[in-house]
Amino acid sequence: MSITCELLNLTSKKAKKSSSSDKKWLKKPLFFLILCGSLVIVLVMFLRLGRSQKEETDSCNGEEKVLYRHQNVTRSEIHDLVSLFSDSDQVTSFECHKESSPGMWTNYGITCSLSVRSDKQETRGLPWNLGLGHSISSTSCMCGNLEPILQQPENLEEENHEEGLEQGLSSYLRNAWWCLILGVLVCHKIYVSHSKARGERKEKVHLQEALAPKKQQQRAQTSSRGAGRWRKNILLLGILGGVSFSVWWFWDTNEEIIMKRRETLANMCDERARVLQDQFNVSLNHVHALSILVSTFHHGKIPSAIDQRTFEEYTERTNFERPLTSGVAYALKVPHSEREKFEKEHGWAIKKMETEDQTVVQDCVPENFDPAPIQDEYAPVIFAQETVSHIVSVDMMSGEEDRENILRARASGKGVLTSPFKLLKSNHLGVVLTFAVYDTSLPPDATEEQRVEATIGYLGASYDMPSLVEKLLHQLASKQTIAVDVYDTTNTSGLIKMYGSEIGDISEQHISSLDFGDPSRNHEMHCRFKHKLPIPWTAITPSILVLVITFLVGYILYEAINRIATVEEDCQKMRELKARAEAADIAKSQFLATVSHEIRTPMNGVLGMLKMLMDTDLDAKQMDYAQTAHGSGKDLTSLINEVLDQAKIESGRLELENVPFDMRFILDNVSSLLSGKANEKGIELAVYVSSQVPDVVVGDPSRFRQIITNLVGNSIKFTQERGHIFISVHLADEVKEPLTIEDAVLKQRLALGCSESGETVSGFPAVNAWGSWKNFKTCYSTESQNSDQIKLLVTVEDTGVGIPVDAQGRIFTPFMQADSSTSRTYGGTGIGLSISKRLVELMQGEMGFVSEPGIGSTFSFTGVFGKAETNTSITKLERFDLAIQEFTGLRALVIDNRNIRAEVTRYELRRLGISADIVSSLRMACTCCISKLENLAMILIDKDAWNKEEFSVLDELFTRSKVTFTRVPKIFLLATSATLTERSEMKSTGLIDEVVIKPLRMSVLICCLQETLVNGKKRQPNRQRRNLGHLLREKQILVVDDNLVNRRVAEGALKKYGAIVTCVESGKAALAMLKPPHNFDACFMDLQMPEMDGFEATRRVRELEREINKKIASGEVSAEMFCKFSSWHVPILAMTADVIQATHEECMKCGMDGYVSKPFEEEVLYTAVARFFEPC
């Protein structure tokens, strides 16, 4: 309500000032919106123009890039090729080009090739291979075509560049002006609507001023609602504009991608069509040249210089000039009147081309053909290449299509093509190219009648079109990108596919025309991409980014508008709705808070009083009773904590800490905590951490300790007399590659499927841990891991009774045990493993196990931890640094017949900076050379490897070599359990300097080594402990609790450290005691108290301190009046049984400095207060 009153007062006092400044304030966003819109439009326009210019430049250089990429030829090399020809050759080629018509490319190419002398061709040859297998003459045939092509790109670049600039500039200017006009209209509309809203608001203000004061709250709500409405309208328009811009960007970019794809397809298709057409025409020129050769040397000379053998040999040796042809043949023109004479000269009859069943001649034996029927003219084949030698004597005029082809060829004087037909053997479609061979006396400008009369024969060449196209296109770099089809389109009603397949995206294709030199036949090349258009991520990504930014900015502005426009009534409604939605959760939280407080508060009194009772003068029996009661109370507290943890996990309220901690220190604590129970049963407890595990990791140390404690506690509980419990920690990456494992312990554990006696810590068989690792996804996952995180694999192995097979499926179910007798025999509630598994899952890990009844169980889990910074240090371990410095560089010898146990001992020594060698027996130690035994600081012998007779030999060796040794090593015996009497007896023999009781841990080793090696030097930790005991001496501490027992427990614990304790029973009394000035140095505050709880009392105390500090700072009062303190802040720590995280957060929010949960120990109380005082 106070917030509402302040808002109403501010509105009534500044209504006129606000209304007068609204107009000026409004003009600023409108102007800013117009300016931003204009800048965005201009920026987008220039970006697009720049990209268009780059695209124009890239497209202009496209042909040059394609030529270089596919033929490895640059523009300068083409110019060099042209410059190789002499001026006369170039002039001749240009004249040929000028005289020829557009359809006569082949003819003038041949003429140019013939005009170049053979000797010049040899001297001007260029090793420039286009991948087509042509000779130098074929290169010269194309010389007349290169220069016109090279003269065009520069002009085309300039024209295309100017045209692209003009079109792009006009298009984007037009779009920009339209957007700007639209933005101005929208801004004007907003301004008009706001003017109306402002007028209405002024009228409402005048009416509200006349109303009674009781309606001020309603007026403030209405004004605020109206003031926020127009802001939401502008925000909505802005979001719509951003969405529209995102959609437009996607559409424009996608269209551009499609256009580029089409242009790429067109360029690639045109390039292939041009290559195919050019090479076909080059081959056509060679066939034409062959026809001229036949005319010159067969008909022009008497006798003829060519026969079948010569023709066959010549065509075979010059076949490299016609790599695209399947074969060539020459047919002689024979009139009917000369048929008999012709047949007598050649010794064979002219055969008919087609048989009665219309089978193609290539598929039949010529001897089986019928004689050619009587007709005016015949065209029998007299010369043929070896590949088509079977058609000799066949009349080419007897075939309908070949007859038409021959007639067109001799009438036009050009090469003509047949329609596609299937070739022999290959079953491919092919065509036949026919040239008429004329008499050498035929003039160049002969008429059609003259050409028919001068015809003396016909030269034909067959082409296998699929092989031809495949041969020409296989050298192109992007051959696999597009699919190419070649069609004969002479008959538009029925296209004939000469080459191609059905693969590819037929929805988008490009058609390029082909000119094979026959104007009466039409051919086309159809190209398409083999794959469909991929997802346009280039268009989607920026569009989504713009959309996300739009919504993010819109959300931020919307939240800001809501914060401005929200009134207390709306907040209250939201709180009510939220309270209804979370009613069940609040009830559960209240239940947990009440139960934990009601149970833990009396437990605090029970444990506190028992502890105080044990500090009194009790006899042995009374002390035993008090210790038993205290232990049972702690067990009950642990049970309560487990139940509360399970409830918090189920409700999803459990959160993990993220602080640096030393995992080895945690494992030492757990082994120290549980070593007593393990030693009572004679169980060997061992801990090993891989050297690859960092010294400090980031995570939740308390929850990690809880998991280890649960697993090890269960192992101790279910392990009978003797045996072992082995805790090992490795990086999960170490087990990914079993063949590359370097860690000695891990390698031995993976060596056998089920560990043998000699391969375990105690010698008792244990199940192999591999069974619990192999199903972990996190261990063998191939996903990349963050560089600042590590995955740890923790294994707890025991030699207990094992888990029955039928009970293994429900082992992680809460409140479930193997059978009903388990709880009666071993105790427990069955929720420890369930809690541990859920905690592991919160650590992004997995938990599993493998167990065999009668052998034991192995539990393993993984967890993700953070890597600590290199300079991170743990305060708890700093007290060991000095001791480690004393031991660094020492050498030790470990004698143990168990390899894994010896590695555990070496691991503990390595933590102290001591290097150790391992031997398996005392006999092997005796056989070691003197150099290995020299400079040893200590020898550690496991009790299982101890043999008095063998050790006497080793002791004698030390005695004889005492001169060579700088010092005699100390002897330590490592035992799982030993009474004080047994330890004294062992040391009295003089062979052993000290007996170390396992489990080995840093603190125990430091203590033993310091007492033995440094001759009883006092340990640094004890000195530090005694110094810390003076921190609370003479300190004034206030304890606030409504429970008398709790006050007495806290008072007794603090008085032991010399503190002066004052107790009060309520928050009001504490408020009076803590009102400055006062003499208290710290305060323990209970949270749940009648009249005034701890939260309210702390808030009141902080308010009083702030007021006093403010007055002292401003000089209103002097510091001498308040005990010369310039700033008052008494440390207040909460005492409560409520352990829910929400309560802890509330304590910090109200101004408390710390948190102590009940029941608490003396150490807990002392540590909580001591951190606020400087050591003396």
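Quick reminder: no glycine exception, Cβ is built from N, Cα and C everywhere.
Annotated features, as they stand in Swiss-Prot:
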{"type": "DOMAIN", "residues": "891-1013", "note": "domain 'Response regulatory 1'"}
{"type": "MOD_RES", "residues": "Asp942", "note": "4-aspartylphosphate"}
{"type": "MOD_RES", "residues": "Asp1086", "note": "4-aspartylphosphate"}
{"type": "TOPO_DOM", "residues": "1-29", "note": "topological domain 'Cytoplasmic'"}
{"type": "TOPO_DOM", "residues": "51-174", "note": "topological domain 'Extracellular'"}
{"type": "TOPO_DOM", "residues": "196-232", "note": "topological domain 'Cytoplasmic'"}
{"type": "TOPO_DOM", "residues": "254-536", "note": "topological domain 'Extracellular'"}
{"type": "TOPO_DOM", "residues": "558-1176", "note": "topological domain 'Cytoplasmic'"}
{"type": "TRANSMEM", "residues": "30-50", "note": "transmembrane segment"}
{"type": "TRANSMEM", "residues": "175-195", "note": "transmembrane segment"}
{"type": "TRANSMEM", "residues": "233-253", "note": "transmembrane segment"}
{"type": "TRANSMEM", "residues": "537-557", "note": "transmembrane segment"}
Length of the line joining the Cα atoms of Asp1086 (4-aspartylphosphate) and Asp942 (4-aspartylphosphate), in Å: 52
List of residues, in chain order, with Cβ under 8 A from that of Asp942 (4-aspartylphosphate) and at least 6 apart: Ile895, Asp896, Asn897, Arg898, Arg901, Ala902, Thr905, Leu973, Leu974
Cβ neighbours of Asp1086 (4-aspartylphosphate) where a neighbour is any other Cβ within 10 Å: 27
Confidence summary (mean pLDDT) of the topological domain 'Extracellular' (254-536): 81
